[in-house]
Amino acid sequence: MIRSVVRGVGSALPKRLLSNREMETLVDTSDDWIVQRTGIKQRYIAGEGETTASLGAEAALKALEAAGLAPADIDMIICATSTPDNTFPSAAVNIQNRLGMTHGFAFDVQAVCTGFVYAMTTADAYIRGGLAKRVLVIGAETFSRILDWQDRTTCVLFGDGAGALVLEAVEGQGTIADRGVLTAHLRSDGSHKDKLYVDGGPSTTGTVGHLRMEGREVFKHAVGMIADVIEQSFAASGLTAEDVDWLVPHQANRRIIDGAAKKLDIPLEKVVITVDQHGNTSAASIPLAISVAVADGRIKQGDLVLLEAMGGGFTWGALLLRW
């Protein structure tokens, strides 16, 4: 049985760090207010010359280096983003160009904060189906460019960045002990589309628009939806919460992260948390968190890693991965 095995990880952050103290000078808020409600202490903001594609390409090159591979070894790029450099071509094609690749194929997946789980699931399907052997899976965002910087309820939450993984097809016995993606479950429910959205687009306003969110509504649904899809992944794999070595959640805010871990009975010692340092980077948050946990030695070969996310739409999903 073919499995999609992680060969390397990488990440990239903009140069500018925006602390809560500096945020106090930009909008009517306070460090205490932000930390108590979200757990966020700082975030990174893209500056001139820094784009979704430039950050994504930087993360991709680091992932390739970690894998001991070159762009020539990759035959597919999939980028999860809601903030591409252009309406078209895709961020993935822009990244492909930055990597000097003229072979293979590249495309974007847009599922907002769940985007990286959707992208990993899609890449795994291509690998299992024999359509790709080595895939760059990237989550990259510049959400700072769609924020309403007068809206203190949203502008304090988000940051920019990118993370990337290299997935490679490996033949194995197909047991739960084998390395690679074990199972993934995706969901969406468009009846909630107006609870977290951007109020613009080429087909409606002809403008980029700004992010709008009903925070209480998002929080009300988040923990239950996340827990439900994770339970589906456990049922499909025969694994349980006790088997999980590391939970890597979408870094939305600390309350949602803590609530999901508690509902699943996963101790916080097993949860990778970077929201305090990165803020909510949407589709980039999971690969950024993975990169941190791999670099500091927490995630090791053989570990069972659980990814989960929820985003606008609503979209949500979970993926179990043997590292």
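Here the Cβ of each residue, glycine as well, is placed from N, Cα and C on the backbone.
The active site annotation in Swiss-Prot covers Cys113 (among others) and rests on sequence analysis. Packing around Cys113 (active site) is summarised by its Cβ count: 32 other Cβ atoms lie within 10 angstroms of its Cβ, all protein chains included.
Cβ neighbour count for His250 (active site) (all protein chains, 10 Å cutoff from its Cβ): 33. If you look up Swiss-Prot, you'll see His250 (among others) marked as active site, on the strength of sequence analysis.
Counting same-chain residues at least six beyond the ends of the region 'ACP-binding' (251-255), those with a Cβ under 8 angstroms from any Cβ of the stretch are 37-40, 113, 157, 219, 222, 273-276, 278-281, 285-286, 288-289, 310. Annotation source Swiss-Prot lists region 'ACP-binding' at 251-255.
Swiss-Prot lists Asn280 (among others) with the feature active site. Remark: Asn280 (active site) has Ile40, Cys113, Phe143, Leu157, Phe158, Gly159, His250, Gln251, Ala252, Asn253 as non-local neighbours, by Cβ distance under 8 Å and separation of at least 6 in sequence.
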